[in-house]
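Written out below as structure tokens is the structure these notes cover.
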Amino acid sequence: MSQVLVNGVFLGCLFAVVAVGLTLVYGVMEVPNFAHAGVIVLSAYTTWSASAAGLPFALAALAGIACGALVSVLTEVLAYRWIIDRPAAAPAVALGLMLILQNVALRLYGGEGRSLDTPYDRVLLRLGGVSLSGVKAALVVLAVVSLLALHLLLSRTSLGRAMRAVAQDREAAAILGIPMRRQYALAFLIAGVLGGVAAIAYAPTFQVSPYMADEVLLSAFVVVVLGGLGSVWGAVAGGLVLGVVEGLGSAYLSPAYQSAFGFLLLVSILVLRPGGLRSTNARRVA
Amino acid sequence: MLDVHDLTITFGPTTAVRGVSLTAAAGTVTGVLGANGAGKTSTLLGILARAPRQSGRITFDGADVTGFDTGALVRAGIALCPENRRLFPNMSIEDNLLLGAYGTGRATRRTRLRDTYDRFGWVATRRAEPAGRLSGGQQQTVAIARALMSAPRLLLLDEPSSGLSPVAVDEVGAVLADIARDGTALVLVEQNVRLVRALCATAYVLAHGQVTASGPVPELLSDTAVSDAYLGTTA
Ligand SMILES: Nc1ncnc2c1ncn2[C@@H]1O[C@H](COP(=O)(O)OP(=O)(O)OP(=O)(O)O)[C@@H](O)[C@H]1O
Ligand SMILES: [Mg+2]
């Protein structure tokens, strides 16, 4: 049982990191950023190829995160920025961007899966009857550290305060002279960094491929809706809940339906609490 | 201080403001009156580069600021206290205030925050509360205080009395008089004639996006045609 919970928490951390990136972008710009999956894929490939070229893992990981940040900002500057006044076009543009990024990966690296080796591959942590692989432990640590860093940024800095303001009332923020474009780019930059963290953290347990992030993206969208659109803490809580539910479901019912449990949870929550777990009337990033 | 010349603003097919010119001097309150939909809000947003201008020249403190974006206008010394206050309801009062000083250094923000708390004592005691929890009058005070956090020399106010009790209106009026006394130029969009009478030396009347009358307030408001046109729609 506790092993199942630990695995659920592992999954939950992964969902939370991906979902927070999505919800931040949604909060600030109202875009359902499917291209996030492509950002994760390119980060993972960058890390893989840098480490295959002989770079130490830590540097390869940094290269992957930098790539995620760059690609994410590029999607905003080159695409989303131009449709800010036409929100109806956003889902189509987002899907198109996702396909483009996946095909870039396919073109550059081919379709076969690659395995990403890490220095902590063979580490196995044991605590009582519970065991956790080094890879999973690293993911949990990375997730906690990056979410704490984000929390500090949003709550303690002038930029973070401005980002929360933009998410709550874009026009009121603009009237105060807060530069919107910088806020949009910053939201995508943070999302890209989180995407890169997610990529290097979970690629070792799965495989690096152009479609590696599809299922995670779907789960993360479930989490975003669960947590209330635009709510960062909702996304963290929603990620953990979904991770544990999927973990329990696949352990005690059937692993084949792992993602289905998530959607079941989503549908039941939407029926019971249409605003998400943390129901807010106004959009917020906090 | 402020000189707006031939301002025209259109939203798609609608022309909200056509050829409006107005001036505002330091240390005075200039009123802008008009019925619903006359173009008052659009005029203020146009001055701050938040509405699409088709024509118009904006001069502030002798400098042409027509091409400035909103951030540059705020840094130059223009602030807007918007219609319906537009506080960030889920954020703390202090965060709301600090956002008014966005782009200034940390030390400046701290000094201005302290000045704000000196001026509005009760705000300090409630600074950690979400702004949405305040009453309408309190929210209006915080909205004005937030606009002052950018240390403006020109303050644009869009119907600060709307939705407030008569007592709260008087309090807001006293605060505005105080700000003008410090030398700030105020442009006050209002439907509350009593407040306009109390504060404004001169005023403009807008109808269908155009200035239909302007001049010293006592004469302007005693002109029966003007008060009929204006009061008729607000009664
Ligand atoms: N964003 C917008 N898009 C389209 N039309 C607009 C927009 N803002 C204002 N308008 C139109 O411009 C005209 C002037 O509106 P404005 O809000 O400036 O009037 P107002 O004098 O402030 O009215 P009120 O007293 O109701 O606040 C109206 O016809 C309004 O419908
Ligand atoms: Mg108005």
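Cβ coordinates are placed from backbone N, Cα and C, and glycine is handled just like the others.
Taken from TrEMBL, the feature transmembrane segment covers A:6-27 (among others). Long-range neighbours of the transmembrane segment (A:6-27) within the same chain, counting only residues 6 or more positions beyond its ends whose Cβ lies under 8 Å from a Cβ of the stretch, are 33, 36, 40, 130, 132, 136, 139-140, 142-144, 146-147, 150, 163, 167, 187-188, 190-192, 194-195, 197-198, 201-202, 213, 216-217, 219-221, 223-224, 227, 229-232, 234-236, 238-248, 251, 283-285.
Feature annotation from TrEMBL assigns transmembrane segment to A:57-80 (among others).
Sequence annotations record features per position, and here TrEMBL assigns transmembrane segment to A:92-110 (among others).
The transmembrane segment annotation in TrEMBL covers A:130-154 (among others). Using a Cβ-Cβ cut-off under 8 Å and counting only residues 6 or more beyond its ends in the same chain, the transmembrane segment (A:130-154) has close neighbours at 2-3, 6-7, 9-10, 13-14, 16-17, 20, 118, 120-124, 160-161, 163-164, 190, 193-194, 197, 200-202, 204-205, 232, 236, 285-286.
Positions annotated as transmembrane segment by TrEMBL: A:184-204 (among others).
For A:216-245 (among others), the entry in TrEMBL reads transmembrane segment.
Outside the transmembrane segment (A:252-272), and at least 6 residues removed from its termini, the chain residues within Cβ reach (under 8 Å) are 4, 215, 218-219, 222, 225-226, 241-242, 245-246. Sequence annotations record features per position, and here TrEMBL assigns transmembrane segment to A:252-272 (among others).
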